[in-house]
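Peer 1: Quick one: the structure is below, questions incoming.
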């Protein structure tokens, strides 16, 4: 942006008389103080906002200045200097004081063509100079052709006004519609490309007028003029051209040519015989021919008359366009104008509305006898309209022209009223100084202070009060300004009036005080302000309602809290005897009932009909309110005036559920017992959950058994036999002697994942961890489904146990067998009151130990959703408690001093690495516990016990204490489990109903939600929550976690060929779990994404976790009969490059099965599954989904016919959306990103395939490139071919990486940025400086936390900054990256490079018709909620 001189122009120049004015500019004579030289100062009004139409845009001003700076010619005006202030840009120009050329010529008695061409030649010379610089003026007309000095023998022409001038770039097409209709070229009218030729047309028109005094194309209307121009409709009439030479007419004809290419250029015109005669005869013909001076003088006179009228029509045009804008004030509306108003009145009002002071001044100057006090048709004089618009200059002008300061409109309002209505403080000061009356009432009894309050102008109200305006004046409705403020909710106005000393207890005609008005309308801040200034809280209206009654009736909870905190009378009765509690109970508003009861209201007050609040609630059948009133001690035996109890009223209205509750509470002893059950006791929560995670053989079961052993029992405890004696492949005796190969370990955990790219750019492993990552798992050489150990844990083993020296626990041991992982998301990380123990064996090499721990911690972290709002530094409020335990220290001969603890030499480095990665997400104990899992009495085991006991005590201390009802439910659960039989699932609603029906009728749903959460914490039940499972209680976790899933997923011997593909009949499932209701069980498993039912076949069920078939269809066949297009993506984790939890791919397969079954209604969709892969065919396109790169990526490859590119795009988008939905719902804490596969290598079936990462696209985009180099193939591939199969329709509607709006950054990305930028940086390179760079400095003061306050639970300032900044349309990911780099935060910018999406499709609804159902592709046919609801 060009920066002009910011100094005050008045410091350097003395400004004098006005020389002229335009729409947005005024030209004044000025004198330079330092030299005494005279110049013209052109004041151009700047446009305030982009959307505004008032003023000139910055771009247009800078263009005019740049052109003026470039030009220097005797016939063109020159620029001296440029200044700028808040409202204007001031151009200091050469003073052209000779007036217009045409005015000068009109004064002559006669003029030959020869004399005329001398002036015209100067114009042509000036235009020749401009065109040589490729500058087109675009506004050549008589008014812009001036004389430098008319008093010299040969006056010099000056071309002025370069406001429309443009530098023509012949490489870029330029179109616009501008200029004066009489002089514009046809290409402007027709909106065709413009060039220098447009000026030549204007010269032709000027010449025509100069010679004849007539305008060639002028019509009666603007439209007619433009039509004449477009049609080139002109002629040389004898009346005007009788004395005109043939050469002059030829000159004009060659210029007024419609085709710009055939029009004379400036060079041609200078060589034309009329301008430059070729012989004496041509020269003589010019001398003999004369300008038609009679007509020319008439033209000049007519022009001056038009200029007089033009001011009025200009005002009319400007204000009409102004009135159509959306940002006009209330005064600037059509209520001040009418077609029946005089033309002059309209012009005056238009000029006022548009702040056109010069225009109004000219207009009034030409209307010497006009009475400016006369009103328009609506009875509003101009002075009042000007007061409403707030322009003091116009007020001064009107008063100077005779406007009375006390003039009123037909409603009795004066100028103060109008200014107050629109909030013009300076205008009010001006009116007050000029003695305009303040407290004039209009016909409705209102004065200025009323209207200021009604429109929320606190500064105006404050000013009027300071001027002495009476704040207690009432209008015809007896309302004060404070009533108006209270009704409309203007706190600042109410505060100003209260501080001015107004009476806060005046009542209006309805008997309402301002407090009653504000309370009814819910303005708690005004209520608080009024109370602080002495408002009577118990003042009542005509119906006896106090403020609390009205707030309760209108459900204004914040007002109710304010009134109660201020001490209003809570038991006040209205004229019917109803207290606020009566009103709340009748309406059934539970939160208000609770608030009133907590304020110690009387529960048993009777109204005039003898009814207590309990009677009203019972009569209306509001069970929750009845229950709460009874709990709080309301009398159930109270009688109405006609002798009825609350129970009688409920029965008469057939509210049997209410009547039944009241019947059970008749005896006070029963009610007392129920109330006692709900009160907290001194008993602490008896147990919490201990969850153990680790790979098979890490010693989890042994560790639990050892922790259960007491001191005496530990002497007699027999060690569990080591499996290495019988299965050396599973537990090698020495990691050095029997180190497993990569292929063994990876094939067993991720069969079929070995086809990874070997080039460094395609590998997903982190530097330094590659070795360990490739050997993460030491699994049996057989397929993991073939269990080699009958003693190994099946699914999730759950037991209640007392751990000696620690306390009672519900112990949940999660099997290390990957086949069970697909069910862990419902149980692993759903309780922050649990202790999570990650166990690993020291038998493994250090790299494998580290990566096993990373695997499980990534799993736990991924299961925890992001909390909103994001906390300071991205921290979690309740991170999971994690303890790391290393086993087999005895076998590995870890050194241990006599009687001391094992000393593992790598514990510090392992803990440091783990805490660096997961310290913000998990609460990891500071110590790594190294022990022999079988030595229950060892020192190491004792240290672990002590640590677990400390954590347990800490957790239990913050858990709510037990209630008798909770203990009662625990004792009742066994009988409920027995009653439920094969289905141990129950909805929360059913649980609430059963407890209320069988155990305690006074327990509310909120009470029982808390109790259910406590039972969940103890492990008695499990609350299951997800998108498909909401508020479902698993009454017996062992039933599902151990019995059902343990049996179903550990199936060993297939009974049929299709079992290898994981397909089972309903009968097969029934045989696997014979004790369960198979239909309900399948719906449960379906909702958990463990299986997918094929509704088309009716009896088949897909269970991907049980698939044994491997390596089917892992790549496309080479034979292709038709031309195909290829494309694909790889979905990978962004941060920690560990394998996806195996279960996630099973869930992906389940959802893809479900999705393809939804698509296959026409029989053209098919899916084939195998271990870690599947192949889909749908509507002519084929798709592979593969788990690759040792489980660290999910690849989606699509191919289809060249003619079906859009189908391929939609299929890829739908399947990726399905996978991303599964990720988001199952692993909400895992951030993933899409990398793109080389379509050319996919087409050539070339492996390894080049992987394009987001940073590749961003780098290319920065360099303005639209293709990427395939370094493997040595060729380039375009963005469109990589991302959308070369489909230009899709590509054109998409946003690319840098241009994607920053609001698309997901919460996990924002949380990571908060973690990087929230903490104060020593060099200031944190969120504060970023806020300044993004243009939001106000947020720094608002969210700055450097005041020593604890930061743990403060909201993230970076998150707040992004939320604010992304409301602007120009906030793109690319802008954010560049701002971060400018800040010096390359770490944050590089993270964005890794995590940001590079392609966002914005397809319209029509394009997605084929895959409309993909929107909910991750949604199960069933939800557990629907299962248990029956």
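Even glycines carry a Cβ here, placed using N, Cα and C.
Since we're looking at a predicted model, the values are computed, not measured.
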Peer 1: For the candidates 333, 469, 1076, 1278, I need the one that Swiss-Prot annotates as phosphoserine.
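Peer 2: When Swiss-Prot is consulted, phosphoserine appears for 333.
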Peer 1: Labelled phosphoserine in Swiss-Prot - which residue from 289, 368, 519 would that be?
Peer 2: 289
Peer 1: Where Swiss-Prot marks phosphoserine, which residue is it, choosing among 242, 308, 444?
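Peer 2: Matching 242, 308, 444 against Swiss-Prot annotations yields 308.
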Peer 1: Candidates are 319, 957, 1426; I want to know which one Swiss-Prot annotates as phosphoserine.
Peer 2: 319
Peer 1: If you look at how Swiss-Prot annotates this chain, which of 232-241, 252-261, 292-301, 342-351 comes out as region 'Autoinhibitory domain'?
Peer 2: 292-301
Peer 1: Mind checking which residues of the chain, 6+ beyond the ends of the repeat 'ANK 6' (543-572), have their Cβ under 8 Å from one of its Cβ atoms?
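Peer 2: Tertiary neighbours of the repeat 'ANK 6' (543-572) are 515-516, 518-524, 527-528, 531, 537, 578-581, 583-584, 587, 589, 591-592, 595-596, 599-602, 605.
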Peer 1: Once the chains shown are all counted, how many other Cβ atoms turn up within 10 Å of the Cβ of residue 289 (phosphoserine)?
Peer 2: 20
Peer 1: Just to be sure I understand, if DSSP states are collapsed into helix, strand and coil, how many residues of the repeat 'ANK 6' (543-572) fall in each?
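Peer 2: For the repeat 'ANK 6' (543-572), the helix, strand and coil counts are 16 helix, 0 strand, 14 coil.
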Peer 1: Please count the residues of the repeat 'ANK 2' (411-440) that DSSP assigns to helix (H, G, I), strand (E, B) and coil.
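Peer 2: Breakdown, helix to coil: 16 helix, 0 strand, 14 coil.
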